[in-house]
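The transmembrane segment annotation in Swiss-Prot covers 7-27, 39-59, 66-88, 92-111, 131-151, 156-176, 197-217, 239-259, 269-289, 292-312, 329-349, 356-376, and the record cites sequence analysis as its basis.
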Amino acid sequence: MSRFHFFILVLLVSISGFSQGMLLPVISIIFETNGESAAINGLHATGLYIGVLLASPFMEAPLRKLGFKPLIVMGGSIVILSLFGFIWLQSVWVWFLLRLFIGIGDHMLHFSTQTWVTSMSSKQNRGRNLSIYGLSFGLGFAAGPFMVPLVKLSPSLPFIVSGCISLFAWLFVFFLQNAYPETSPHETKSDNSFRRFYQAMLFGWVAFMPTFGYGFLETALNGSFPVYALRLGISVDAVAIILPAFAIGSIIFQFPLGILSDKYGRRNVLLVILLTGALCFFIAGVFPSPYVIGGCFFIAGMAVGSTFTLGISYMTDLLPPHLLPAGNLLCGITFSLGSILGPVAGGWYMQTFESANLFYFITLTLSSVWLALVLGKPKSWSPAETYSSSS
C-alpha cells in the first residue's frame, strides 16, 4: 500500500468521524431545545447504528465480488446525500431514517477502508497503522462537536458544513486503484458469509468486547452527556469544549498506544487502559464540576479512546487472513450494538432515576469489558480446525 493510497483512506475516515462527531451532539441539543424527552433523544441516536446492523450481514459478499473501491464510493455517496437531507426534511422520524441511511453508508465506507488497512498491514506494523487510522477518525470526531455553536445561527448550518466537507473528501476515492480481499485455498463454494461469521466469532470473540464497550461509551458520551450536562447546569458552550476533550486525549495517545501494543501485546494494553478509563469516569461522577469533568474526559480519552482500534488489532492477531472481512464486520456489529445500547440505556437511566449519575453507569460498563478480557481465553485456530468447525 503506497503512502498516497493510505493517506486517502485516512482522509476518508477522518471526514466520516467529523460527520459522526457532529451528528450526535447537534441533534441532541436541537431535540433538547425543542422539548423532546431524554428517552426519545436516546432512541433517535440509535438510528445510525441500526443502519450498521441492517447492512452488516450483506457487506462481505459484495466486497469479495466488487472489491474495496466500489463499496467506498457507494457508502460515501449515501452519507453525503443524507447529510444534505437534514436541511430540507424537518421531522423527528424522517431524521431518524436519515441517520439510519448514514449508518449504512458509513459502515460501507468504514468496513471497506478498515479491511483494506488490516489486510495490507504486517503484524509488526499493524498497531501503528491502525493507530494512525484511528487517530484520523479521532481528529474528525473531535472537530465534529465544534459545529454545536452553529446551531445558534441556524439549525441547518452544521449539516451544510459537514455535507460540503464530506463531498470534497469523497472525490479523492477516484484516485484509488481497486483491490480485493484475500481468500483461502481451503475455502469451498459452500462457505458463505454466515459460516465465516461463526468461525470469526469462535476464534476471536474476546476481541469484540472492546469494540462493544467503545460503542457504548462513545454514544453515551455524545448522545446522553449533553442532556445530562444541561441538567447539571453546564452551558452549551461548555459542553462544546468538554466533549472534544475526550477525542483530543484520544488523539494524543492513539499512536503511542498503537506502538506499545505492537511491543507488549494488545490484550495487556487493553487491560490497563480500560481500568484507567473506568477510574476517570468514577472520579467525574464523584466531583461533577465542569473543570473536573473536562479533565477526566481528557485523561479517559488518552486511555480508552484507542479501545476500538486496539480491539481491531487484537482481532487481526487472533484470526486467519481469510476471516478478516468477517472479523471486521463483527467489530462493526459489536460496536453498533454497544452504540445502540449506550444512548437508549443512558436515556432510560436518567429518565427512570431522579438522581441518576451517568458517569457511574459508564464506569460499570468499562469495568465489565475489563472483566471479560481478564476471564476470556481466545481459542487458537489452525486451517484444519477452522474448516472442520464449519462442516
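The backbone N, Cα and C atoms fix where each Cβ goes, glycine too.
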Considering the transmembrane segment (39-59), which listed stretch of 7-27, 131-151, 156-176, 239-259, 329-349 counts the most C-beta pairs under 8 Å:
329-349
Positions whose Cβ lies under 8 angstroms from the transmembrane segment (197-217), at least six residues beyond its ends:
49, 266, 270, 274, 277, 304, 307-308, 310-312, 314-315, 317-319, 323, 326-327, 329-332, 334-342, 345, 362, 365-366, 368-369, 372-373, 376-381, 386, 389-390
Take a look at 92-111, 131-151, 269-289, 329-349 and tell me which one has the most Cβ pairs under 8 Å to the transmembrane segment (356-376).
269-289
Does the transmembrane segment (239-259) come close to the transmembrane segment (131-151), meaning at least 3 CB pairs under 8 Å for residues 6 or more apart?
yes
Using a threshold of three or more Cβ pairs below 8 Å, and leaving out pairs closer than 6 in sequence, do the transmembrane segment (329-349) and the transmembrane segment (239-259) count as in contact?
no
At least three Cβ pairs under 8 Å linking the transmembrane segment (92-111) and the transmembrane segment (329-349), pairs spaced 6 or more in sequence?
yes
Given a Cβ distance threshold of under 8 angstroms, which distant residues of the chain, six or more beyond its ends, lie next to the transmembrane segment (329-349)?
37-43, 45-46, 48-50, 52-53, 56, 59-60, 103, 107, 110-111, 114, 197, 200-201, 204, 207-209, 211-220, 223-224, 227-228, 308, 311-312, 315, 356, 358, 361
